[in-house]
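Heads up: the structure comes next, in structure tokens.
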Amino acid sequence: MPKLRSATSTEGRNMAGARALWRATGVKENDFGKPIIAIANSFTQFVPGHVHLKDMGSLVAGAIEEAGGIAKEFNTIAVDDGIAMGHGGMLYSLPSRELISDSVEYMVNAHCADALVCISNCDKITPGMMMAALRLNIPVIFVSGGPMEAGKTKLSDKIIKLDLVDAMVAGADDRVSDEDSEQIERSACPTCGSCSGMFTANSMNCLTEALGLSLPGNGSMLATHADRRELFLEAGRRIMDLTTRYYKHDDESALPRNIANFNAFENAMTLDIAMGGSSNTVLHLLAAAQEGEVDFTMEDIDRLSRLVPHLCKVAPSTPEYHMEDVHRAGGVMGILGELDRAGLIHNDAYHVAGASLKEVLAKWDIAQSSDEAVHRFFSAGPAGIPTTKAFSQACRWDSVDNDRVGGCIRKREFAFSQEGGLAVLSGNIAVDGCIVKTAGVDEDNHTFIGSARVYESQDDAVAGILGGEVVAGDVVVIRYEGPKGGPGMQEMLYPTSYLKSRGLGKACALITDGRFSGGTSGLSIGHVSPEAAAGGTIGLVETGDRIEIDIPARSIKLAISDIELAARRSAMEARGKQAWKPVGRVREVSLALKAYALLATSADKGAVRDTSKLED
């Protein structure tokens, strides 16, 4: 029978000092011997997705203590990718994932916690905590802050839905008046919560449901809705159940590595492809899999991308649907239910909400469940009132959206497309693969041949786009922005937004060893691996080169001869210490970022640390 980890610091005369300190935190005499549950919160006033989380730890703690545990809360950092975007701050976003992961490990192991509740929400916080949870392999449950309500405003006598990307595009589009741009800006992000489309934060929170690590509704229930309160309370109760199962009954199925196993990662990626999730999820799932010692790779993602249809289309891929609409249609459980009926998921996977995913779907999939409480749960809707407060409204749709033919979530035979929402491309320019969010690409652009317009940084690319250098038919190449080369693998939302603002969103392609915001749409191909700084072919592309992209064939090719490519590689290597470095780029890189770059791997490995460099 596993012994409580916390006994290390609470039992025995030699731990008198530790117990004295525990007492100073509020632990009572009769508390010693109870499991200590760590609550990793990520409250910050910098991020709208986290601004309302301050009191969430107390909610979870109360439920834990009622169930017989000791709850101890700590905080992690949280970077807002939208605020950090478009300047040097974005260099810190992806590296913060590793910092969050390490900080959770440090706190949990330093204090010998027995189990963990992760209160996350935005882009790097959920994956960072997930990496830590799988590294630690103690009972865990995730509960996020929830999505933001979609923005709404009236323009040209028409009510339209909005999100962050609309504000960015309008702000860069000279055709939009100052008045309209300001109106869009003021309306785009009306409430607390993670940005309202299927961007990275919401994608990752949805994937925790498919991995079996969070409760139904975690990814879709609005941050503002009163019903979300119960998710936090239930998370506290469930973590105590998982803790009891493991420590008192030696039930290893309660551990995250047995829940989030290979089949669960396949389920998560299948969901991601079906809902057209952010391409960043690929990066984070690969990283989490490595922490959990799960052999899940780009090859598995490529295989699944050829099998899974696109069942749910959400902003930024369409202006019609946002996360509030996904929730009304049954949320993640609704999508998983359709995938299950299509025979595309492993329904025997363990899940924190029940014995198996099949059991969970029987209750929570509105297409098969007649439970009135479940239908009421998914009827929770927006209020349309600006607020930074959680649980501030209790509005409901008149009915759930159970239309699986023409609704937000569809049956396989009525899918938005039989091709899924994400695809892996490979070729001589990306030998180890790259990622495109096909959900956001017009079908007319699934094959594209263009002339390379090469930039050594995102800043130069932005200047080139806004300065008129980029024209229809160009393939914008932004390199040396990978995990090592940036360092930090910046998101390229501004270049893609500016292409749209110049009317080039469907007339150009963009490829990069950097990554894209979940808000990106258009023919935007990221995660090119190996990256330029690691000797990847993208570092050898020259302006004017012909680049051929074929999504149906899963191909991306630099159309030069092998002889010419070899000659360019030799010339690059001859540059000595300056080889595989951006020519003429001036960028201030802090010591912290340099340390990150030393161990960073390319995107096909999840941009995790190269641990071989740490071996004796």
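Just so you know, glycine gets a Cβ as well, placed from its N, Cα and C.
Feature list (source: Swiss-Prot):
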BINDING   ASP81, ASP123, LYS124, GLU491  Mg(2+) binding site
BINDING   CYS122, CYS195  [2Fe-2S] cluster binding site
MOD_RES   LYS124  N6-carboxylysine
ACT_SITE  SER517  active site, proton acceptor
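ASP123 (Mg(2+) binding site) is 9 Å away from SER517 (active site, proton acceptor) when you measure Cα to Cα. Annotation: CYS195 carries the greatest number of neighbouring Cβ atoms among the binding-site residues CYS122, CYS195 [cut-off 10 Å, Cβ to Cβ]. Classification of GLU491 (Mg(2+) binding site) by DSSP places it within a strand. Listed in sequence order, the residues VAL79, ALA84, MET90, SER93, LEU94, CYS122, THR200, ALA201, ASN280, SER517 complete the 8 Å Cβ shell around the Mg(2+) site centroid, once ASP81, ASP123, LYS124, GLU491 themselves are left out. Around LYS124 (Mg(2+) binding site), the C-beta neighbours below 8 angstroms that are at least 6 residues distant in the chain are ALA78, VAL79, ASP81, SER93, LEU94, SER96, ARG97, ILE100. In three-state terms derived from DSSP, LYS124 (Mg(2+) binding site) belongs to neither a helical nor a strand segment and is classed as coil.
In three-state terms derived from DSSP, ASP81 (Mg(2+) binding site) belongs to a helical segment.
If you take the Cα of CYS122 ([2Fe-2S] cluster binding site) and the Cα of GLU491 (Mg(2+) binding site), they are about 15 angstrom apart, rounded to a whole number. CYS195 ([2Fe-2S] cluster binding site) sits 10 Å from ASP123 (Mg(2+) binding site), taking the Cα positions as reference. Under a cutoff of 8 A between CB atoms, and with a sequence separation of 6+ in the same chain, the neighbours of ASP123 (Mg(2+) binding site) are VAL79, ASP81, SER93, PHE199, THR200, ALA201, MET204, ASN280, GLY518. Around the Cβ of SER517 (active site, proton acceptor), 29 further Cβ atoms fall within 10 Å across all displayed protein chains.
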